[in-house]
Amino acid sequence: MDNPALANENGMELRNRPVPRTEETPARVDVDTVGIKLQRNLGLISGTSIIVGTIIGSGIFISPKGVLQETGSVGLSLIVWVAGGVLSLMGSLSYAELGTLITKSGAEYPYMMAAMGRVVAFLFAWTKIIILTPSSMAIICLTFAEYVMSLFEFCGEPQIPKKVIAAVAMVTLAIVNSWDTKLAASVQVFFTGAKLIALFIIVIGGLVWLGKGEVETLQKGFEGTTSSPSSVALAFYDALWAYDGWNNLNYITEELKNPYVNLPRANVLGVLLVTVIYVLANISYLAVLGTDGLLASSAVALEWGEVVLGKQVAIIMPLFVMCSTFGAANGALFAGVRTLYVAARENQFPEVLSYVNAKRLTPIPCIIFTIFILFPFVFLLCSLYLVVAPIIQDPRLEFLYAFLFILGGLVLYVPFVHFKIDRGCFDPVTLFVQLFLEVGPSPYVPDFE
């Protein structure tokens, strides 16, 4: 007998028929999947917030000194910041074209699938899902926790409270993103606005400082410019790292309203806005702190605030950095889990990870998988083994380890993806997750059929 039908908030009926497994009946719930898909809830403003919010993290507030240190002069450092923005803009324009040509979420994953085949796409997804997205989330949340702790007095630097705060932040973001994509987008817009307010304060304060005649540092121009091409290359590396995140909107193309219009606009607007802010913020730092003060500082925005705003008001800077890191973590999670969602939909990971909650229309399984604590422990154990292995005696072999880890994905790809030898072993897990989380398959539906 059929179970009572489920209905989502849009009135869509989902008839669940869990029946005993036979050769004719699959071990999963028979669900009418019409209407179960991620919704297009993101417009131009929220799309731009995703880009700006994930690019601007904590670096511009804490220690944007790498470019100045490598270039050796004020003039060349500002040129590198502008050039880094131009290069990022070129990349965002290229991705805008790719995103309107291949309108699937997942950014690099579907592009690699189309250009280089399933194996290369799987290796990219394997690396990003298991290592890059979880580690990026952990680092950003730990930075957030450090600034939360800076508001209180502790004896020494206790690690347990910091890790607890970081874990709470990660779980909170997972709940927000699982509950409603509109809510996650609103959170992104709010925290992006907060970090932009902080940067506008820094920019305006710098302009006021320059208006007082504090132009000595900027008048140095290209004095002390490095003559080493490798140093200039390292400066570009630092600058481009600060612009990382310009491609994040392409991870959620299927959730963007009118992507053929909003994707290019948001990409261009977001990168241009960040470029202008980065250049003006660095000018402000240089005008207030000077080159020596900037290079010596470990928390540039805080010291800038103490000089310009006074110690009593400078407390707002750690609060703004907290907002910046929390927003960056939300954007990283929002976009990062879509690679797993799309890869699972292509049957390169367990299909259940591509399922969408029938009521909330959010990709709950892949969000839970991305914060899943088992994998960091497994990876830690593997890393510890590699540390004590005799081969570690040659430190240059660390590059080989990374390469072998990436290729290690073939161990799963060949039997389970290419030859599909699972024989339905994962079906009971699929059935349990589908019933427990009330999720169903979310197939890709082209805009024009």
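The backbone N, Cα and C atoms fix where each Cβ goes, glycine too.
All annotation found in TrEMBL is predicted automatically rather than curated by experts.
It is 42-62, from the ranges 21-41, 42-62, 420-440, that TrEMBL records as transmembrane segment.
Against the transmembrane segment (74-96), the recorded stretches 42-62, 185-210, 266-288, 315-343, 399-417 differ in Cβ pairs under 8 Å, and the greatest number is found for 266-288. Contact between the transmembrane segment (185-210) and the transmembrane segment (399-417) does not hold: fewer than three of their C-beta pairs are under 8 Å, each pair 6 or more apart in sequence. The transmembrane segment (315-343) shares more Cβ pairs under 8 Å with 132-152 than with any other stretch in the list 42-62, 132-152, 266-288.
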